[in-house]
Amino acid sequence: LSLFLPALKMIRCLQRVLYLSVLVAFAACNAPPVPSDDIFIEKTFVPEQCVRAVKVGDYVRYHYNGMFPDGKKFDSSYDRGSTYNVFVGKKQLIEGMDKALVGMCVNERRLVKIPPQLAYGKQGYGDIIPPDSILHFDVLLLDVWNPEDSVQINTYHTPATCSRKVEVSDFVRYHYNGTLLDGTLFDSSHTRMRTYDTYVGIGWLIAGMDQGLLGMCVEERRIITMPPSLGYGENGDGSDIPGQASLVFDVVLLDLHNPRDGITVTNQIVPESCTRKTVAGDFVRYHYNGSLLDGTFFDSSYSRNHTYDTYVGRGYVIAGMDEGLIGVCVGERRTITIPPHLAYGEEGTGTKIPGSAVLVFDIHIIDFHNPSDTTEVTVTYKPEECDKKTKKGDFVKYHYNASLLDDTSIDSTYNYGKTYNIVLGVNQVVPGMEDGLMDMCVGERRHVVIPPHLGYGERGVTDEVPGSAVLVFDIELVEMEEGLPEGYMFIWNEDVSPDLFSEMDKDNNEQVEPSEFTDYILRQVNEGKGRLAPGFDPYRIIDNMFSNQDRNGDGKITEEEFKLKADEASAHDEL
């Protein structure tokens with residue numbers, strides 16, 4: 001027993017020590033923390049991107065909840081429905097908060113623990129914060145800027161070509177999304193489905209946007225960030241934009257012009273041969289693609305498979321197109337850019353063309369003429385001997401290749417392996433071809449250009465010749481037969497028999513039947529004693545001759561009815 005007593009005393013002593021250690025540890029866990037000399041910061045949310053971190057001298061807007069260590073809230077900007085706005089590092093805040101905000105990014109969230117000596121110290125703050133209070137702040141940074149800030153521009157898309165950039169006094173059309181620095185959307189032209197249209201640099205916009213749009217190209221995309229001094233300032237806009245808010249605009253420029261602009265002609269492709277250019281009063285047929293300045297398509301003549309046909313210089317089309325179609329050649333291609341005051345103005349068309357839109361037309365001239373034009377005849381080959389020339393009434397045979405003015409082929413007699421045969425002067429072809437075939441020798445070749453009013457007119461020929469089309473014929477006269485004098489369908493090559501009626505009246509019944517008349521005339525022609533007008537059906541001519549002699553229309557000719565043409569007081573197609 002004497003051996004074990006000292007050991008028992010030692011064990012009991014150790015038990016007392018362990019018990020006291022546990023009590024001390026428990027007391028330490030439940031006792032108030034001892035204030036440190038500095039703030040404690042826990043970053044509870046860090047955004048993926050941090051374009052800018054708070055520095056001393058910056059102005060910030062942030063939300064916060066203020067709490068004691070036990071979680072009891074003593075203040076909140078959320079409860080007031082307004083951010084806390086203040087300069088950092090200028091002693092406008094408790095020292096701990098001044099330090100806690102430095103280095104924060106927009107949308108970053110921090111839990112800040114501030115010891116009393118960096119908060120309200122031994123005095124506390126009235127009835128709200130007791131002396132020697134440790135303060136916890138849950139802070140969310142929404143905005144940061146500096147009085148020395150200017151407009152910041154970040155171009156994230158540049159078009160491949162940029163022929164012109166925005167300058168002061170230009171009129172622009174653009175789309176935008178407007179957000180606060182924390183990404184809160186306050187406005188968007190996209191949601192209204194209408195561009196914002198305005199002059200630049202003359203005070204129609206907030207100063208930051210006036211600056212941010214300068215130098216932009218059509219189709220360029222920019223992020224324009226501006227401090228409140230260049231936005232809506234201390235008061236905001238009274239609704240969606242708070243006071244002292246930085247603004248961010250994501251802008252795409254769609255259109256640009258200046259009220260002093262005229263039309264612009266570019267991308268000209270002029271054919272090598274251009275003997276004539278359009279003037280005011282000409283009638284033009286052309287194809288076009290129409291688009292807005294940003295490339296948005298609004299119309300095309302190709303989609304309708306029909307040219308646009310109009311007079312130029314007479315106000316039949318918008319003023320810019322009227323001007324742009326002057327001085328062009330057939331086959332020429334050009335791009336005409338037209339400012340809105342020479343197009344559809346501030347109103348647009350109400351559907352495809354918005355108000356104040358610049359228009360771009362890619363045009364191809366197919367055809368043009370003037371109402372005063374006549375048939376243009378150019379001799380391309382003439383035989384050495386050319387004594388006998390075509391005239392009205394002659395029967396002619398010719399070959400041709402027909403095309404439109406843009407070389408589109410229409411027809412060719414060579415494809416059929418036979419000539420085209422007509423009588424001149426009796427409207428068997430269009431007037432322009434009549435002109436082209438007159439005074440021509442056999443073997444002669446001509447290039448004939450026929451304006452539509454001497455061709456197929458405004459209607460054209462369905463599926464063959466467009467309306468109001470100029471026609472081009474390359475013709476070769478192959479054969480001709482001289483016609484009869486005007487007003488005659490039959491003439492005698494010899495003296496007329498004094499017994500003409502008796503010779504016709506084969507059965508001597510003192511009247512000539514149609515068959516007797518026909519047989520007699522054909523016999524005279526076959527024997528070379530008479531000649532019928534060439535190019536016509538001989539039987540139809542003879543029937544007509546018989547009808548003219550059959551005065552009473554009873555189907556037979558008596559001697560009293562029978563007269564020679566020379567004996568007629570009025571002109572008839574008779575003997």
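Even glycines carry a Cβ here, placed using N, Cα and C.
Just so you know, TrEMBL annotations are computer predictions that nobody has curated.
As recorded in TrEMBL:
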SIGNAL    1-29  signal peptide
DOMAIN    57-145  domain 'PPIase FKBP-type'
DOMAIN    169-257  domain 'PPIase FKBP-type'
DOMAIN    281-369  domain 'PPIase FKBP-type'
DOMAIN    393-481  domain 'PPIase FKBP-type'
DOMAIN    492-527  domain 'EF-hand'
DOMAIN    537-572  domain 'EF-hand'
Helix, strand and coil counts within the domain 'EF-hand' (492-527) (DSSP): 18 helix, 3 strand, 15 coil
Secondary structure content, the domain 'PPIase FKBP-type' (169-257) (per DSSP, counts of residues): 13 helix, 35 strand, 41 coil
DSSP residue counts for the domain 'PPIase FKBP-type' (393-481), split into helix, strand and coil: 13 helix, 37 strand, 39 coil
Per-state residue totals over the domain 'PPIase FKBP-type' (281-369) - DSSP helix, strand, coil: 13 helix, 35 strand, 41 coil
